[in-house]
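What Swiss-Prot records for this protein is below:
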BINDING   110, 113, 181  Zn(2+) binding site
């Protein structure tokens, strides 16, 4: 049984309590390598049904590459054992102004078609008793992006995770992204983008603070 860090457990429970963990079925009994083998076996069947020749040198290892990619590279955010180690620093400097990390690169996967979501996030918070190591914000964004997602939920998950870890509601998150389920199929719109915003605490209650955050997002 995997023992989660305190922060990972807190975040998981907060998301479950708020209906923001709709898919996770509990602890996976199969080991990682066993899951890879099963995914590869199913992928072979799919490729065969597509009339692809798995004896071809270029395709022979594709089922295994896809299995590895799903478990190790694209979807590690499904396992809270991979939640980033969090560094909190006591706010001895009494910082009480907005801290913002802009242009956080994220790559996620549309849960409806398993196609790419390619975007950037901006995260702001106003410190209370602790501040967080800046790179940890990027890592939290990446963790929740590395799972099948819809952008609206992803934005809310990042917000609630940071509120839980930092012990303050004063957090704001905005994500700007291109969805390849729109760009590469269906309507095939190659220019549209989607922006989602989730605001907490003073970012929601104070028009001035909200506008300051929105101006930060729009900076070039």
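Backbone N, Cα and C atoms are what each Cβ position is placed from, and that goes for glycine too.
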For residue 113 (Zn(2+) binding site), which of the three DSSP-derived states applies: helix, strand, or coil?
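For residue 113 (Zn(2+) binding site) - judged by DSSP and reduced to three states - the answer is coil.
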Counting only residues 6+ away in sequence within the same chain, which have a CB under 8 Å from the CB of residue 181 (Zn(2+) binding site)?
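Correct list: 110, 112, 113, 115.
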Using the centroid of the Cβ atoms of 110, 113, 181 as reference, list every other same-chain residue with Cβ within 8 Å of it (recorded Zn(2+) site), in sequence order.
109, 111, 112, 114, 115, 117, 179, 180, 182, 185
